[in-house]
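Notes follow the structure.
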2 protein chains.
Amino acid sequence: MNLTILGCYAATPRTFTNPTSQVLEINNRLFLIDCGEGTQVQLRKNKIKFSAINQIFISHLHGDHVYGLIGLISTFTLLNRVTPLTVFGPVGIKEMIKLQLKLANSWPQYELTFVELSSTESEVIFEDDKVLVKTIPLKHRVYTNGFLFQEKPKERNLNIDKVREYEIETCFFQNIKNGKDITLDDGRVIPNSVLTFDPPSPKSYAFCSDTLYNEDVIPIISGVDVLYHEATFLESESHYTERTMHSTAKEAARIALKANVGQLILGHYSTRYESIQLFKEEAVTVFENTLLADDGVFFEF
Amino acid sequence: MNLTILGCYAATPRTFTNPTSQVLEINNRLFLIDCGEGTQVQLRKNKIKFSAINQIFISHLHGDHVYGLIGLISTFTLLNRVTPLTVFGPVGIKEMIKLQLKLANSWPQYELTFVELSSTESEVIFEDDKVLVKTIPLKHRVYTNGFLFQEKPKERNLNIDKVREYEIETCFFQNIKNGKDITLDDGRVIPNSVLTFDPPSPKSYAFCSDTLYNEDVIPIISGVDVLYHEATFLESESHYTERTMHSTAKEAARIALKANVGQLILGHYSTRYESIQLFKEEAVTVFENTLLADDGVFFEF
């Protein structure tokens, strides 16, 4: 599992900072999460293949999370994309994109599907044989979801020495990897635990931006390996959080602690502060295992 | 009169090239022309004050000319803009922007006005005491206008020696600057031509992007000081011009020659060519006084 931060600053694109967008690679699947203005250039700068993106998840319809989407969709068209693309986002996103495509008279030649979200309960919105994606309802000024990405349990690893010892034929290997016991020709039953090793444990990643401090997310994200949580402000500006419906670094750390996550990554910084190190200094007083997102940073887990 | 090129490449924003946007300063007025994705960052990089922009002219609703507009309008809001903003562009631009503002639940606190264009004849769309702006109907895959910016004739310069010689009082100066003759107390009439020098001649700038080769524009732009004309292709790719409705560098030069303009600036280059110098080499065979636009280039006329 790895994460590339394309942009992680609040509000507007600036000369050296980009609005929210990130690419998660999990179990050989690549997902684009949010798409602020300039995302397609950030994808190029970070050498991410446009054709590897087949699903885009949009948390909410504020500009710094979505105004790069129409440009990316149009560029896919110019690049002669053929593979289908699915966009998950709040109700309204389909109308917003389709109107712009209609006015430009340039409907994509690839299949473009929108999955519009409106539930205020966590729900599974994507599932294939490798990954499952659920929404994380957040509290913001407009309808907003975070997203939980979970690897599906992987197949068990063969203990090749034991398999040879019992002279088991290869046609049974998939059953063994799937957890089945094996009955030998002489009637002996060899339990699966003898024939396999545990697979790597499934990884999980939770993206929570933008949101007021909200303990309702804790049961949904409990125990995730990595939590990205917005930290727009420091505690010194906590009087802004209610009106803007954002969190402080300390609040993000409190959520990480209460949800017992493995790792916290902070982002969505207000540009009023002279250094993002201040966010980390504040968060580690509550939750030690805290990292800072920054544009162009690559995390491997 | 000066011109800052924020972006002048066709199709999509790339790591080192930007889609169309430029800032024209003429007779102390500042106009933003087109607004591809990333324009607000280009404005910052080129140190152009956001608050100096009060009129935005959009040629057409293809992404590389307009997908930066919603972000710029939103950033004006975040910057607490109070002065009104007027956007001139094709019918549909108002619905496109308003839908996105509605979905973001963030209508600007400043007055935002749209002047929607639909005429296929050249028309005056903006006029104040210093500048006049007319549309230049172009031929492209969607409804498209270029724009002609003309300085209004300036007041005549006082010949201060002559004014003193005839002992003319200061209360008459404005009349003299406006071109009036003066009758002295003794009845003598002093013609204005004796009392004044010619003012600098009014400057004019024509922006023509995107368009198929189109001689209909010639009477509209005839004799302008500076013509920006798109040159998406070289003649070697002239077989693409009909389908894409773009021009070659040589065609741009032909328009410049036939319209007897002072200066031609080329732009809107396809990124398929290894050097934009090729565009100039082709154009100067037809029209000598040719310059190349490039991102971040500043022209003073």
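Along the chain as shown, the residues are counted starting at 1.
Each Cβ is built from the backbone N, Cα and C atoms, and glycine gets one as well.
The annotation in TrEMBL ties B:D64, B:H65, B:D210 to Zn(2+) 2, and of the candidates under consideration, B:H239, B:H268, the one tied to the same site is B:H268. A sphere of 10 angstroms centred on the C-beta of B:H65 (Zn(2+) 2 binding site) encloses 28 other C-beta atoms. Closeness to chain A is evaluated for the binding-site residues B:H62, B:H140, B:H268 by Cβ distance, with values under 8 Å counted; counted residues in sequence order are B:H62. Counting neighbouring Cβ atoms within 10 Å of each of the binding-site residues (B:H62, B:H268), the lowest count belongs to B:H62. In this structure, the CA atom of B:H268 (Zn(2+) 2 binding site) is 8 Å away from the CA atom of B:D210 (Zn(2+) 1 binding site).
If you take the Cα of B:H65 (Zn(2+) 2 binding site) and the Cα of B:D210 (Zn(2+) 1 binding site), they are about 9 angstrom apart, rounded to a whole number. Rounded to the nearest whole angstrom, the C-alpha distance between B:D64 (active site, proton acceptor) and B:D210 (Zn(2+) 1 binding site) is 11. Reduced to three states, the DSSP call for B:H65 (Zn(2+) 2 binding site) is helix. For B:D210 (Zn(2+) 1 binding site), applying a Cβ distance below 8 Å and a minimum sequence separation of six or more within one chain yields B:A10, B:S59, B:H60, B:H62, B:H65, B:L138, B:H140, B:T144, B:E230, B:T232, B:M245, B:H246, B:H268.
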